[in-house]
Amino acid sequence: MPVQGSQRRLLGSLNSTPTATPKLGLAANQTGAWCLEVSIPDGLFLSLGLVSLVENVLVVAAIAKNRNLHSPMYCFICCLALSDLLVSGSNMLETAVILLLEAGALAARAAVVQQLDNVIDVITCSSMLSSLCFLGAIAVDRYISIFYALRYHSIVTLPRAQRVVAAIWVASVLFSTLFIAYYDHAAVLLCLVVFFLAMLVLMAVLYVHMLARACQHAQGIAQLHKRQRPAHQGFGLKGAATLTILLGIFFLCWGPFFLHLTLIVLCPQHPTCSCIFKNFNLFLALIICNAIIDPLIYAFRSQELRRTLKEVLLCSW
């Protein structure tokens, strides 16, 4: 839990590492006058977290309510929403505790605050890892549904999906605990960066392959109906735009955070890197924005889920 400036101590002391002058030997003016620090107000942090929290709670509630949505695909979507919910909730909790401590409204011993911070860090880190894993799992599920359509229901069964979900959660908690314990080791940070890049490559390869198959299918239909080529080109451009948006949002929201981790290893004392470190809160805000966008991309496009969501909202009133 931070007490130095406005930087949050997410993931152990990770974000305080760049600002800890004694450890890095950086003078306050070493970053230079050109350094741009984007300040994220606590109110904005809480607002983004609240929007994400409400969105993802609604997704989980809708999937839990409708038995027609109890399928492997929606199982992964539900777990993605739960991961995003935990990301937002843990950041909101940390921000609230920080504000209470700074205002003197919450009195606690340093040891208690440290333990609370460690718990929040583990929850945040494990939910981030699981969120990335479930994004990959959704991509794999969609890939199988397209390229192995006839065998899909025998390959992707609900018990298998549940085992995958359990494995992801266990692995996420285990590795996040190790990460918090050994956050100051370069190898640990590099492993996280490699994991992010692996998920990015996996999603890019699968979705590009799916787009290529969809374009071939559209071209075949166009030839059967003797349509002109521009119609097929229009479909390809639309699909490429959708793919660019999907992968672009993923990279834009997650990339800066993992760039932060990479620079901690490569250039912890360089003035330029130190300038980037000052925007850690911005990188966290982008991840929370991703938690807001995920339901719009993966959940709310489903007509069945939207119908169930209306029922949930009507019942709540």
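Residue positions begin at 1 at the first shown residue.
Using the three backbone atoms N, Cα and C, a Cβ is placed for every residue, glycine included.
Feature annotations, reproduced from Swiss-Prot:
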TOPO_DOM  1-37  topological domain 'Extracellular'
CARBOHYD  Asn29  N-linked glycosylation site
TRANSMEM  38-63  transmembrane segment
TOPO_DOM  64-72  topological domain 'Cytoplasmic'
TRANSMEM  73-93  transmembrane segment
TOPO_DOM  94-118  topological domain 'Extracellular'
TRANSMEM  119-140  transmembrane segment
TOPO_DOM  141-163  topological domain 'Cytoplasmic'
TRANSMEM  164-183  transmembrane segment
TOPO_DOM  184-191  topological domain 'Extracellular'
TRANSMEM  192-211  transmembrane segment
TOPO_DOM  212-240  topological domain 'Cytoplasmic'
TRANSMEM  241-266  transmembrane segment
TOPO_DOM  267-279  topological domain 'Extracellular'
TRANSMEM  280-300  transmembrane segment
TOPO_DOM  301-317  topological domain 'Cytoplasmic'
Arithmetic mean of per-residue pLDDT over the topological domain 'Extracellular' (184-191): 87
Ranked first among 38-63, 73-93, 119-140, 164-183, 280-300 for CB pairs under 8 angstroms with the transmembrane segment (192-211): 119-140
Three-state composition of the topological domain 'Cytoplasmic' (301-317), taking helix and strand from DSSP: 14 helix, 0 strand, 3 coil
Helix, strand and coil counts within the topological domain 'Cytoplasmic' (141-163) (DSSP): 20 helix, 0 strand, 3 coil
DSSP-derived helix, strand and coil totals, residue by residue, for the topological domain 'Cytoplasmic' (64-72): 6 helix, 0 strand, 3 coil
Chain residues outside the topological domain 'Cytoplasmic' (301-317) and at least six past its termini with a C-beta under 8 angstroms from it: 58-59, 61-63, 65-66, 68-69, 74
Cβ contacts under 8 Å made by the topological domain 'Cytoplasmic' (141-163) with residues that lie 6+ beyond its boundaries: 70-73, 75-76, 206, 209-210, 213-214
